[in-house]
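What TrEMBL records for C533, C536, C573, C576 is Zn(2+) 1 binding site. TrEMBL lists C542, C545, C560, C563 with the feature Zn(2+) 2 binding site. If you look up TrEMBL, you'll see 302-470 marked as domain 'Helicase ATP-binding'. Annotated domain 'Helicase C-terminal' per TrEMBL: 568-722, in sequence order.
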Amino acid sequence: MPSKARLYAEVILPLPLFGTFTYSIPTTLEGKAAVGHRVIVPFGRKKYYTGIIESITPVAPEEFEVKDISSVLDPWPVVKHPQLKLWEWIAEYYLCTAGDVYKAAVPAGLKVESETFIELNPDYEEIPDARMTDREAIIMQSLDHNGKMTPAEISKKTGLNSIESTISSMVERRMLIIAEKLIERYRPKKETLVRLAVDRNDNEAMHKVFDAVKGAKKQEMMLITLLDNLNKRQQQQLPPEVPRQHLLEQSGLSPAILAALASKGIVEIFTREINRFNYTGTEQGELPKLSAPQSEALDSIHRMFIDKNVTLLHGVTSSGKTEIYIHLIDYILKKGSQALYLVPEIALTTQLTRRLQKVFGKRVIIYHSKFSDNERVDIWKRMLHDPSPCVVIGARSSLFLPFSRLGLVIVDEEHESSYKQFDPAPRYNARDCAIVLASMHGAKTLLGSATPAIETYYKALNGRYGLVTLSERYEGVQLPLIEIVDLNDERRRGRISGPMSARLAMMSREAVKGGEQVILFHNRRGFAPVVVCKQCGYVPKCQNCDVSLTYHRKAGEMVCHYCGATYKLPTICPACKEPAIEVYGYGTERIEEIAESSFPGARIMRMDLDTTRNKDSYLNIINDFSLGKADILVGTQMVTKGLDFERVSLVGILNADNLINFPDFRASERAFNMLEQVAGRAGRRNKRGLVIVQTSQPAHPILSYLQAHNYEGFYEHELEERRRYGYPPFTRVINIYLKHRDEDLLIKAAAGYAETLRHLFGNRILGPDEPHIARIQSLYIRKIMLKVEIQASMSKVKAILRSVYEAQMADKSLRSLVVYYDVDPM
Ligand SMILES: Nc1ncnc2c1ncn2[C@@H]1O[C@H](COP(=O)(O)OP(=O)(O)OP(=O)(O)O)[C@@H](O)[C@H]1O
Ligand SMILES: [Zn+2]
């Protein structure tokens, strides 16, 4: 029998393993399995995963036996061509695997995976004298009672801990069997509807229907409610069906009544899948009218885009960058394309959504990680099947949505470090990926900021990017006045108690009295960042991380801000046994409390990680503050950027030292940006705002640039430092992280690794160093830094890094060493 040539698929799996995996396409699936499709494939001994087909080839792999694809999940590709190209680029550039990118890019609901279930072996015959331990008996009973369960469920049901070894011994003795089952996590949303089972225009039939409910008052009422609704819907040209819930609520009758009508064959009750994506936006409204400088800037952007793919809009805070973005988006939508509007933090989507919906109505799509997985799948599906013009507002992961005709990407606050994902891989910078994504679509990118990243401004000045400047605030409001308060001096003069100088307290009080609002910014959350024994100096640390704990009073516990582990505050010092544990310092929780007592009558709100755990909490805080339901907003960096509150006249920065003193080459840049941004929240309308900066280093150069709102000056100063010490934009930095449970082994391994690298890269290698936090989640950490000249070939550099990795890992004793890279660290 002449065998037809087979086809093979290269499949990306959601696993941290390099490369793609080859599967054969069974003849039954030929034509159905194509690039970008979701497929279920077997992997390892028993597992099944959802993979994405990256490519198809007729060339059979030589060395090994390939397995078949088990099934193809959809009749269409779930990932489109430019997206796959972006994934490839990210994996290559950020030195991670395609699987890492896949995991981050696609909502979990689209990744059906197999899960391990344990069940009783129906063929197991109890041998009369076989001994069973108590634990085994309990597990047997529970499985008999509940049917198959995952190991975790068994643990929960039986209350037994560490059951893995018990289970595996029972499996070996054939008492239990392991089954793999595919779990689909995505649940489509369903709507239950009611329609009439007979033709409403058929008088005879309708007579019979009314006869059938004669005497049954409630059924008759229900029927009339239904008919009423159907009439109304007919007038509105809507389909002849009514949501069941609506009928029940309107009639005030029970589901049993409706069921009775159904059993008499009068109505039909049926369900239908609906997209959670909410189409109920308002209709398209007016575009904002631009001021003269804004229109000029918009024209310049259009002109820049003629020969530049990327343009930087450098506009001071409250200059109306958002309004310009809105005009650009409108232009793109009218051309029939889609736009992506990236913001660095979810908090920013709330105010923006409202501003954009006013103009673009239901064409605004919001996407970020606070959406439930089901909601994310629904948005994904909508984007997949509906290529019509839309604007997506989102945090970094919205980059991965299946755009079909992207025409414009806006990266607002492009300097923000939160665009960089630090953990887990892919450690990508969404701004830089957005530029690549746009170019893959032939689209343009607009970067916007009042404080551009040094690298971005450098590229703009050198002509790589277009540059458009907007140097005045909307309606010519002056940039806020910056007043520096010297904390040391205040202490000497006894003019400070607690976290607030007398000056800041007085100005806050005055602002509130005058009906204005105040933002107090402090970049530490919790109640007190220092817990210490007064007697012996003992400081409680996280058991998993090299981090001292922060006391959270409301929760009544100490928290590790790295891994989230919580501990009880000891009353007695575990080291010296004295009851001398004290808490010091200030976090936002404590500042809120102090503000409450210092400003009696003032209404105070707090916005930080602890008060914004769920999706609506941002919205509520921002809305309430906008509506003037509070006078003072205390917050962490969340309050610093992009937010637009009309009545804020005073911003207090409680401790600028926390920002300035950071041992890393980006510290000054980060501090300047954050200070300028938070200052920019003050006095955005009408009156000039005031910013009070408390610091013990009043002469620090950053602060004088801040006082003059002199971004260019700061840039020149910082660029000189970067040049002198060989940092970006003059070099490219790749940090190589090594982690291991065993510190001694790690120290040796890191020294060896750095030595090998130094042979190849010379003095471009720095370290190994112990990072600021040298142990996280029980793993010790060392960092090696590689700085390469900007002209060097990155593909060569990366090839060398890979070969070093392979050579090092050949040493069996380093098997469990974790190695990863952070390319362009922030
Ligand atoms: N052309 C305009 N018409 C009406 N209002 C405007 C106009 N331009 C700006 N504004 C108002 O001025 C305020 C500041 O504008 P916007 O928030 O766009 O500034 P921004 O440049 O994005 O500032 P930031 O960098 O601080 O985020 C907003 O409340 C906005 O509505
Ligand atoms: Zn920890």
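If you go along the chain as it appears here, the first residue is 1 and each next one adds 1.
Positions of Cβ are set from backbone N, Cα and C atoms, glycine also.
Feature annotations (TrEMBL) mapped to structure.
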| residue | record | CB count, 10 Å |
| --- | --- | --- |
| C533 | Zn(2+) 1 binding site | 21 |
| C536 | Zn(2+) 1 binding site | 12 |
| C542 | Zn(2+) 2 binding site | 24 |
| C545 | Zn(2+) 2 binding site | 22 |
| C560 | Zn(2+) 2 binding site | 21 |
| C563 | Zn(2+) 2 binding site | 15 |
| C573 | Zn(2+) 1 binding site | 20 |
| C576 | Zn(2+) 1 binding site | 14 |
Three-class DSSP secondary structure - C545 (Zn(2+) 2 binding site): coil
C533 (Zn(2+) 1 binding site) - helix vs strand vs coil (DSSP): strand
Cβ-centroid neighbours of Zn(2+) 1 site C533, C536, C573, C576, 8 Å, sequence order: K534, Q535, G537, Y538, P574, A575, K577, E578, A580, I581
Cα proximity to C563 (Zn(2+) 2 binding site), best match among binding-site residues C536, C573, C576: C573
Contacting binding-site residues for ligand 2, chosen from C533, C536, C573, C576 when the Cβ sits under 6 angstroms of any of its atoms: none
C576 (Zn(2+) 1 binding site) and C542 (Zn(2+) 2 binding site), Cα-Cα, nearest whole angstrom: 19
CB-centroid shell, 8 A cutoff, Zn(2+) 2 site C542, C545, C560, C563, site residues removed: K541, Q543, N544, V547, L549, H561, Y562, G564, A565, I776, Q777
Pairwise CA distance, C560 (Zn(2+) 2 binding site) versus C573 (Zn(2+) 1 binding site), rounded so that it is a whole Å: 18
